Amino acid sequence: MKKTQQKEIENVTNITGVRQIELWRRDDLQHPRLDEVAEEVPVALVYNGISHVVMMASPKDLEYFALGFSLSEGIIESPRDIFGMDVVPSCNGLEVQIELSSRRFMGLKERRRALAGRTGCGVCGVEQLNDIGKPVQPLPFTQTFDLNKLDDALRHLNDFQPVGQLTGCTHAAAWMLPSGELVGGHEDVGRHVALDKLLGRRSQEGESWQQGAVLVSSRASYEMVQKSAMCGVEILFAVSAATTLAVEVAERCNLTLVGFCKPGRATVYTHPQRLVHN
């Protein structure tokens, strides 16, 4: 086979974020075959012409990512602080060019950091270790959730991972109503980016998405807890386990953290008073 045929082949699917390449199976190393692989590209968030952060992400729903990141990192207080947004190609990836209000941009410049993150790295941009786990306003206790509604949501979480279904390479974050219905979700190669996309989407949906909880397909790290709390999410469900720092942050900011979510199973780490199980 020619070398040119061994290179990455142009995407032939209709799903953004997937590309076909040639690969070899263990039981047949003589004959390459085509398979789908998830795309991962550098995405720079550029505020008022200044690059603030570079994250590795899936090249889809980037406006929601930029909005959610801006909210969960405290760069903005509400979507109204952003006057405009454009996604444009750059030499090695993509840029999300964000027009920020003067007041919020002045605050950003005071703590700006230039960095390049790993895939969805939640510590990226932290200048000092003391900045990790920064205080978050304690959440109110306005939400409740019936754990009997969780199983059906878990069965439908994969519906929001079309790239993941093809490649086995993405995380998902979805918004779950008190009824257990998943009304929207996003996926990404980075779990933090998937969550930021969801939080950005939620900020645009209004009252219909205010009641409910976040369900993620990944583990619950402290960054996932802190991002959720920064955006007013009171309940976070994770398919995998939580870390000790995630539990500490959740306890401190009054977030109900639930891990090991499988049909018929869930482990509640903090603030179980929001949950019922009839």
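Glycine is no exception: its Cβ is also placed from the backbone N, Cα and C atoms.
If you check Swiss-Prot, you get these features:
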ACT_SITE  CYS121  active site, cysteine persulfide intermediate
BINDING   PHE260, CYS261, LYS262, PRO263, GLY264, ARG265  Mo-bis(molybdopterin guanine dinucleotide) binding site
Binding-site residues (PHE260, CYS261, LYS262, GLY264, ARG265), the one with most neighbouring Cβ atoms at 10 Å: CYS261
Cβ-Cβ neighbours of PRO263 (Mo-bis(molybdopterin guanine dinucleotide) binding site) (radius 10 Å): 10
Where LYS262 (Mo-bis(molybdopterin guanine dinucleotide) binding site) sits in the secondary structure, as DSSP reduces it to three classes: strand
Other same-chain residues whose Cβ falls within 8 Å of the Cβ centroid of PHE260, CYS261, LYS262, PRO263, GLY264, ARG265, the recorded Mo-bis(molybdopterin guanine dinucleotide) site, in sequence order: LEU150, ASP151, LEU154, ALA266
